[in-house]
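S.K.: The following feature annotations were taken from TrEMBL:
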type	residues	note
BINDING	A:THR69, A:PRO70, A:ALA71, A:GLY72, A:GLU73, A:GLY74, A:LYS75, A:SER76	ATP binding site
Protein chains: 2
Amino acid sequence: MTTTTKKPLSDIEIANKATMKPILEIAENAQIPLDAVEQYGRFKAKIDTSKISGEATAKVVLVTAISPTPAGEGKSTVTIGLADALHQLDKRVMVALREPSLGPVMGVKGGATGGGYAQVLPMEQINLHFNGDFHAITTANNALSALIDNHIHQGNALNIDPRRIVWKRVLDLNDRALRHVTVGLGGPMQGVPREDGFDITVASEIMAIFCLATSLKDLKQRLARIVIGYTYDRNPVTVGDLQVEGALALILKEAMNPNLVQTIEGTPALIHGGPFANIAHGCNSITATQTARKLADIVVTEAGFGSDLGAEKFLNIKAREAGFKPSAVVIVATIRALKMHGGVAKANLVEENVDALKQGIANLAQHVANVRNFGLEPVIALNRFITDSEQELKAVLQWAAANEVRIARTNVWEEGGKGGIELAEKVLEVIEQPNTFHHLYDLQETVEQKLTKIVQQVYGGAGVQLTDAAKKQLAVIEKNGWDTLPICMAKTQYSLSDQPSLVGRPTDFVVTIREILPKLGAGFLVCLTGDIMTMPGLPKQPAALNMDVAEDGSALGLF
Amino acid sequence: MTTTTKKPLSDIEIANKATMKPILEIAENAQIPLDAVEQYGRFKAKIDTSKISGEATAKVVLVTAISPTPAGEGKSTVTIGLADALHQLDKRVMVALREPSLGPVMGVKGGATGGGYAQVLPMEQINLHFNGDFHAITTANNALSALIDNHIHQGNALNIDPRRIVWKRVLDLNDRALRHVTVGLGGPMQGVPREDGFDITVASEIMAIFCLATSLKDLKQRLARIVIGYTYDRNPVTVGDLQVEGALALILKEAMNPNLVQTIEGTPALIHGGPFANIAHGCNSITATQTARKLADIVVTEAGFGSDLGAEKFLNIKAREAGFKPSAVVIVATIRALKMHGGVAKANLVEENVDALKQGIANLAQHVANVRNFGLEPVIALNRFITDSEQELKAVLQWAAANEVRIARTNVWEEGGKGGIELAEKVLEVIEQPNTFHHLYDLQETVEQKLTKIVQQVYGGAGVQLTDAAKKQLAVIEKNGWDTLPICMAKTQYSLSDQPSLVGRPTDFVVTIREILPKLGAGFLVCLTGDIMTMPGLPKQPAALNMDVAEDGSALGLF
């Protein structure tokens with residue numbers, strides 16, 4: 001898989017040149033019973049989880065990262081490359097990833113399926129509609145909106161206050177014009193006018209529910225618990241009150257089965273679900289992870305953004321709901337990104353700058369501490385970049401040695417699994433050892449106690465303060481008995497604090513909780529620390545402008 | 001397939017009891033090359049049309065109906081039953097149908113895949129997401145909207161007037177609250193405020209394009225021609241001007257391959273596309289029909305509503321674009337519905353009423369005349385209902401004999417193909433004879449000439465008048481050279497006239513054209529004769545309230 005050409009191929013060129021195995025062969029190699037495999041074309045399948053027996057016993061390796069920077073760290077690429085490396089070492093391994101959202105694909109990303117020789121295939125279909133899961137979630141979300149507005153229009157037996165509906169519509173697109181809309185205009189035959197807005201589908205509570213539900217029954221119960229708004233008397237109104245959880249579950253049923261695909265090297269991959277890591281919990285579905293844990297000995301999975309966001313929620317929310325203990329955590333870092341945390345501008349990253357690098361390592365240090373605070377031992381994946389200098393490399397390795405953290409260089413973009421062997425070997429060392437994994441807080445602690453633990457032990461901050469609005473919301477939450485839910489922090493990904501500009505390792509900061517939104521279906525309290533964008537916009541030159549389809553049907557312009 | 005039980009099973013009960021053949025077996029029986037079959041689960045497939053060689057030579061049988069009434073005629077059921085009957089007679093037959101829209105399924109219908117023992121399977125998946133085609137169309141439509149609003153927000157290089165954008169967003173749901181909305185609210189960072197609205201996906205011009213495109217190249221060219229609005233100088237702005245036809249085609253690419261399923265009796269069915277028959281042309285895709293014509297000797301297909309709507313457009317638009325000549329037309333009627341056209345209220349349909357029936361037959365007579373005006377010979381399918389009396393039956397048969405129209409009783413709901421044998425035999429008689437099929441108008445005729453021919457020869461009316469607004473629009477259309485496009489009438493389905501209450505066979509009426517909308521991508525001029533609902537609403541008790549999914553995963557509440 002090593003390429004020796006000077007000008008590297010683009011991701012889609014590499015993907016198009018790769019020879020895929022029929023998905024039935026991938027399934028057979030993974031010992032998936034063939035009657036559980038529902039083919040979707042030649043190279044994709046859905047796995048009927050009701051036909052997968054056995055216990056979910058595989059060890060879980062979580063891949064996280066330092067605080068993301070515009071330099072890019074390559075977390076998905078490393079996740080895939082690590083799985084390929086373990087596969088090369090003859091381990092029974094599966095990789096479990098999130099599905100890409102079409103909005104960013106058409107906006108800035110052009111694709112989100114790893115890179116270089118560490119990709120999942122078929123790249124094009126995974127990046128577009130995949131097997132329709134996000135479309136099912138969009139449809140369920142918007143069917144609920146239509147049913148709410150219809151309920152009010154048809155007499156409003158539940159006494160819903162149209163001004164206090166919190167359920168928003170969604171589309172899986174970047175569309176800023178839909179952030180704030182008014183609906184129901186045009187007169188008495190066209191519904192009841194009210195303010196509304198659209199989020200991107202990955203921000204839908206149904207996406208979070210989809211990823212946390214452990215069975216169809218659990219799915220339905222969670223859907224029924226969704227609070228869609230409040231009555232004129234300020235009492236919560238749920239999906240269960242509207243009696244439509246059955247219809248929503250029916251819309252989601254087919255999508256609930258995880259999707260099997262393969263890496264370029266033929267490692268089996270389950271890709272399923274994809275909630276935001278800021279407003280939601282940022283991990284692929286429990287269904288996929290637990291199915292992979294029944295089928296393999298090691299499951300490599302990832303969580304969104306840095307360890308302060310996706311990993312914290314993976315460990316405090318997803319692992320708790322699913323009832324498993326992770327065995328190791330990989331923290332992806334690059335010298336480039338660490339230099340940005342040390343204050344270097346993106347334009348100057350090609351220049352060697354050991355001093356800035358040493359400063360930026362402070363960010364990595366916090367992420368290492370975070371993992372250890374959960375009783376887990378991290379392995380740093382230092383993802384190679386062509387501009388890395390020997391002096392810079394030395395500085396990072398010295399720091400790691402001094403802090404007794406395992407570190408491995410990875411070169412999976414260029415070499416595939418071979419470029420992840422060193423990382424794989426260190427991960428194997430860690431997962432053989434016992435660990436003392438524990439959640440960071442108990443559910444019975446107060447909301448403020450939980451928040452304080454997250455801020456102090458994961459962000460490295462001093463503490464937390466609630467705005468008056470948040471205090472009011474917390475009072476309602478406590479009154480309704482919802483305060484025993486876990487916390488889902490909604491925070492900028494760019495800083496360990498709640499201030500995006502504070503890169504590196506800020507200290508002594510107090511995090512402000514502006515709002516606390518109960519998401520009873522997902523089963524967590526979203527605590528907003530700032531303006532979290534739940535519907536992105538398109539850039540001046542959207543990636544869509546480069547996309548095309550050739551007359552022979554091949555896709556162009558996916559990166 | 002005959003059932004002798006007194007209390008008939010529901011459609012979904014019958015569907016769930018049916019034993020489906022693996023889709024590969026259906027494909028093999030239909031002599032579809034296996035490398036053209038992309039399985040989507042065990043019982044659905046997409047057909048890669050690039051792998052289907054040969055000429056499209058099968059004879060085409062079009063199934064249409066009298067003007068629809070609340071009594072229901074069972075057109076899809078007869079279409080499927082006729083194909084099954086031809087299959088029983090050892091003909092190489094395929095049925096080509098439209099895909100159901102989720103909006104009506106969740107609103108009033110609960111399902112739209114035929115009925116009784118004349119159904120296509122898997123009923124549940126076809127009625128829900130099927131293979132994602134409508135989701136792809138929704139996404140392409142709304143991606144275009146997002147790109148338009150982004151273009152304006154980012155500087156508006158094309159000088160688009162936000163007040164003159166004609167491109168609307170869509171969802172495949174019944175959602176009246178989205179008919180009239182304002183978007184882009186919230187300040188300068190949230191886009192440019194403007195009025196907008198959502199149609200149901202089946203009303204999207206992209207749906208019409210999807211169904212009329214004959215290749216990927218044609219698809220892209222049609223997309224590029226879509227007029228999304230006008231500049232401040234009133235010049236049209238197209239998708240080509242925005243340079244995003246490639247991205248939209250990429251989103252649609254996978255969906256462009258038609259979907260193979262089976263009837264309860266194992267007859268191969270291609271189900272693909274589903275434009276509205278009022279605002280659009282109301283037929284399944286040309287791709288599906290032509291693919292079926294390469295694979296079979298006879299293709300049975302249907303068009304929406306009565307012969308004045310779907311069939312007129314099938315014959316004047318679809319057959320012209322695809323370049324084929326139909327061989328026979330079946331007109332579905334029921335005694336119940338004819339009695340409604342004779343003035344009987346729905347509640348009184350159980351009573352024998354030969355006089356009203358005779359009056360109502362006038363509606364059927366116009367539909368027979370319509371078909372003959374195209375140089376085709378109709379066969380009436382008199383779809384049996386339990387309340388039909390011998391006297392009523394005699395009256396219809398006598399009328400048919402007097403007018404020398406072939407007529408056959410069908411009982412396909414109860415008996416499947418066996419209940420359609422008589423119809424099949426009469427259809428076989430007709431398709432063996434030569435016909436003098438011709439389009440009703442030439443494209444070079446003026447818009448008013450084309451309109452007059454449709455009104456006089458298809459509706460039985462006196463003529464046509466244009467409102468001042470329509471005249472203005474026609475002037476713009478002529479100025480731009482768009483007047484050589486075919487006409488797509490947008491008219492109520494309940495009457496042959498433009499007045500929904502005029503059932504039976506109204507005469508001497510003048511049809512008012514209120515607006516003429518150029519749809520350059522679809523390649524027709526939509527002529528609006530009244531308020532055509534392009535976004536339905538939900539009823540007081542939506543079908544969704546009955547829908548559910550059992551713990552074993554089976555669907556409940558689809559009828």
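Placement of Cβ uses the backbone N, Cα and C atoms for every residue, glycine included.
In TrEMBL, annotation is done automatically, which means it is predicted and not curated.
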S.K.: Name the residues of the same chain, 6+ apart in sequence, whose Cβ is under 8 Å from the Cβ of A:THR69 (ATP binding site)?
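M.R.: A:ARG336, A:ALA337, A:MET340, A:HIS341, A:TYR494, A:VAL503 - these are the non-local Cβ neighbours of A:THR69 (ATP binding site), listed in sequence order.
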S.K.: At a 10 Å cut-off from the C-beta of A:PRO70 (ATP binding site), count the other C-beta atoms across all protein chains.
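M.R.: Taking every protein chain into account, the count is 11.
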S.K.: Could you tell me which of these binding-site residues, A:ALA71, A:GLY72, A:GLU73, A:LYS75, A:SER76, has the fewest other Cβ atoms within 10 Å of its Cβ?
M.R.: A:GLY72
S.K.: Only counting partners 6 or more residues apart, tell me which same-chain residues put their Cβ under 8 Å from the Cβ of A:GLY74 (ATP binding site).
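M.R.: Correct list: A:GLY115, A:VAL332, A:THR334, A:ASN383, A:VAL412, A:TRP413.
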S.K.: So, three-state DSSP: helix, strand or coil for A:GLU73 (ATP binding site)?
M.R.: coil
